[in-house]
């Protein structure tokens, strides 16, 4: 589920200022399986062209993904995809441009995939994830 931008921007600002490090991921990670209640995913600048991050919270919890800004992405050469569940699940969105966008999982798992063409250098991005305290099953 995608949240409207009018509501998302103030919420993201409040989250970004109240949720501070330590975050679960590091800029050099190309994928991984994370179980922390919140974290931040950075772009990967190494030779791999596809990275997959699986975020798995406790059963009954909903994962919220916040993408503050994707700018500078070359659409057609790189994108971020948000999957509603483990790899292979339904895609919530495949994006190459975004500003203040939120996604919610329908279960306790969400997958973030970054893909780029081998000849294209990676563009900086950061994505936040956290447990949605208001939307548990």
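Here, residue 1 is simply the first one shown, and the rest follow in order.
Just so you know, glycine gets a Cβ as well, placed from its N, Cα and C.
Under the heading disulfide bond, Swiss-Prot lists 30-51 (among others), citing sequence analysis as support. Counting only residues at least six positions away in the same chain, the Cβ atoms of 44, 46, 48, 51 sit under 8 Å from the Cβ of residue 30 (disulfide bond).
Here Swiss-Prot flags 75-96 (among others) as disulfide bond, drawing on sequence analysis. Same-chain residues at least 6 positions away in sequence with a Cβ under 8 Å from that of residue 75 (disulfide bond) are, in sequence order, 96, 97.
Sequence annotations record features per position, and here Swiss-Prot assigns domain 'CUB' to 30-132. Mean model confidence for the domain 'CUB' (30-132) is a pLDDT of 92.
If you look up Swiss-Prot, you'll see 1-21 marked as signal peptide, on the strength of sequence analysis.
Residue counts for the domain 'CUB' (30-132) under DSSP, split into helix (H, G, I), strand (E, B) and coil, are 0 helix, 55 strand, 48 coil. Minimal Cβ crowding within 10 Å, among the disulfide-bonded residues 51, 96, is found at 96.
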